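According to TrEMBL:
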type     : residues  : note
TRANSMEM : A:21-38   : transmembrane segment
TRANSMEM : A:50-68   : transmembrane segment
TRANSMEM : A:75-92   : transmembrane segment
TRANSMEM : A:98-117  : transmembrane segment
TRANSMEM : A:129-149 : transmembrane segment
TRANSMEM : A:169-191 : transmembrane segment
TRANSMEM : A:221-243 : transmembrane segment
TRANSMEM : A:249-269 : transmembrane segment
TRANSMEM : A:276-295 : transmembrane segment
TRANSMEM : A:301-322 : transmembrane segment
Amino acid sequence: MTAAVAAPRRIFSGLVKVRELGIILALVVLVGYTAASNPRFLSGQSIRDILLNTAILAVMAAGQAVVVITRNIDLSVGSVLSLSAFTVATLMSDNPGLPMVAAIAVGLVVGGAAGLLNGVLVRYGRVPALVVTLGTLYMFRGITYSWAGGQQVNADELPRHFLTFANDSILGVPWLVLIALVVVGGVSLLMRNYRMGRELYAMGSSPQAAELAGIKVARNLLGAFILSGALAGLAGVLFAARFGTVDAAAGTGLELNVVAAVVVGGVAVFGGSGTVWGAGLGALLLTVIGSALTVLDINQFWQQAIVGALIILAICADRLVAVRIARSLRKKDSHV
Amino acid sequence: MTATPGESRPGPALLEVREVTKSFGAVAAVQGVSFPLYAGEAHALVGENGAGKSTIVKMLAGVHRPDTGALAVHGTEVEFTGPGDAKAAGIAVIYQEPTLFPDLSVAENIAMGNQPLTRLRQIDRRAMHDNAARLFTRLGVHIDPDRPARGLSIADQQLVEIAKALSSEARVLIMDEPTAALSGVEVDRLFAVTRALRDEGAAIMFISHRFEEITALCQRVTIMRDGRHVCTELVADLSVDDMIRRMVGRDLSTLFPKQDTEIGETVLEVEGLGREGVFRDISFSVRAGEIVALAGLVGAGRSEVMQAVFGVDRYDTGSVRFLGKPLKPGSPRAAMAAGMALVPEDRRQQGLIMELSVERNVTLPRSRALARLGLLFGAAERREATSWTGQLQTKLGRLSDPVGTLSGGNQQKVVLAKWLATDPKLLIVDEPTRGIDVGTKAEVHRLMSALAARGLAVVMVSSELPEVLGMADRIIVLREGHVAARLTRAEATEESVMYAAMGQQVTT
């Protein structure tokens, strides 16, 4: 009896891990091939660039993954990034004395407030998240445009310590990368090991059952949107620090990259399954693809086609895994 | 006959329902119902379809709040603001359709809401797994705690629900038709588990349509009828006959006047119709001017039979003849062309297009005939719609109003108008008066009667016994997919129909 129970268990854990393993495998193959044709791809500077480019996307993907796991979506993150980046850049150029921590706090608050608005509209307005966040995507962007009025904050207006933050490192790891690691790790832990995280999975897996189980659906949903917004706000601060020049168009279209990273990273679009660190890996994979194509001297336009193919592949893989699990479970049931 | 616990004088009630009332819009689902649930006792809640059982369950689960009256736990009145409160009060509900999270593991499903935590307030996965394994051992079942809930059989899902109730240390267990989808062996296992829980001091509320299950498991029974409390008695004091009589016994008013009509030629002949796993060997015929009712419990296959006849669903065996000619199977278009009309059960989803105007809805099946050179003119539609809504005495503002703005009864009249406009020979109506207030109900009945008098053949699927008894010339009772009884109007009584529908022998 015990053997009959143990065998399928191994199959499940194997299949469930397939998603993240697939991304790691794709990364290894891609990096190996690119490095073989151009060894400079693995130079310290190149790796550092890739990681710095991944960091901002990964921070946003972590928040997006949480929202997608609850069977929702947040399309406003690109606009929240620009709103936060412009707010913080303006603040820092007006008050050069403010420490970095204050800048980050302001970014988190601006983003969190935007996320709260999304959450309230979704939950209490009973409007689908796709529609709400599509609306706020334009709304937040519009606010930034009318505030900026065609102006931009340039690097020479920003204090030095703010600009060097992006490149400073601790023990050889750039701050930006460290922050991304902490965010992805922390949110992964929250989703995996804490009650609220598991309730978010439950809500995405079966919204009706979540209500009947007495889960505090409203609180959790607001929490998920606030988290996604706050992390987009944090990404805005990192964006401003890294690029120095901020205008109202910053981060336009970024939301689609973020959603792509999440989906490629194995988070099911219909909620309930996937991991945050998988979404982080998805962000890394997308960035590596971009860099590899440059190194391999392949037209950048191919990048979009490849990302598109990856999204479709990821969704097909989801279906395949689901069908295989269902089949292996049926087989097991017929034995009992 | 029944087990001993509970027959002695019980202590104070664990949970008490006190004079609760709940209305949805104009429809009163539950009116002044009271009953107690005692520790160590299984309590059956019985009643016909629509008697208000599910509403009671939802109030106990914290999904609905009573309009008046209250629930009392250990003698203290409580107010549930949501399912979480009911759960916290020690009430666990097992719904007819299990409510698990398919993507999460079985162990997580069981622990959801009160997961064991480590010192850092993280979830203790090992303890969670062990807890689930321990519960399954106690229940005597083999389910892997680490497998996802997706793909579990209904029986296993229900066992997981019971494990969930055990893990939350629920003192009151509400089971809403838990056996409907189970096989005999699975029912036995569920009962063994339930009896053990009862004997350990839990209060159980059990809803079922199967009397043998009620006598096997329950000590006390509450009977409901039309949203009202009929009685609460010891099961040992009531025979099955008594229970059925109290479930259906009501005044047969003159609300349902079927005029005597001249019965004409045979319109529809159904011969040995069968569909794998749904219904089998169904034969009947309907003649012009006749109303034939298909009675039976929800799920007996009544709607499925008529959908197969109309061609919406396929059938595997048998034949359908219409006006003497064989009817092409699986083609609603052929059925409509031959002169059949089907008024479906769910008018909001299947019968009407809620956003479109009344006139558009009425003329929809006739839009081709009404069109001139392929174009549909408003005037032609309006003329047609005015005529029909007038004949059916439909209460509406303007014909151009969306049909969704009308009351349920008037919506039903629009659906009827829509099909009558096609001048059918046979009208199939599925639950013609569900969710309609009493006054409009009588109008719908009068209308159906008038149509039969004009020579229309009518097949009526209905769960409402008075309607069946009042309207039908002949009654065909289905039970679990086959014909359980054929009754003429003279033979049919509430008891005889219910006996046949529930598979009990008539003992009188």
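Using the three backbone atoms N, Cα and C, a Cβ is placed for every residue, glycine included.
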Leading stretch by Cβ pairs under 8 Å, where the reference is the transmembrane segment (A:169-191) and the options are A:50-68, A:98-117, A:129-149, A:249-269, A:276-295
A:50-68
Contact between the transmembrane segment (A:129-149) and the transmembrane segment (A:75-92) (at least 3 Cβ pairs under 8 Å, separation 6+)
yes
Any residues 6+ beyond the ends of the transmembrane segment (A:221-243) with a Cβ under 8 Å from its own?
52, 55-56, 59-60, 62-64, 66-67, 69-70, 72, 74, 76-78, 80-89, 92, 100, 103-104, 106-116, 118-120, 122-123, 153, 158, 162-163, 165-166, 176, 179, 183, 187, 196, 200, 203, 250-251
The answer for the transmembrane segment (A:249-269), taking Cβ pairs under 8 Å and residues 6+ beyond its ends, is 19-20, 22-23, 57-58, 60-61, 64-65, 68-69, 73-79, 81-82, 85-86, 137, 141, 235-236, 239, 243, 275, 278-283, 285-286, 307, 310-311, 314-315, 318
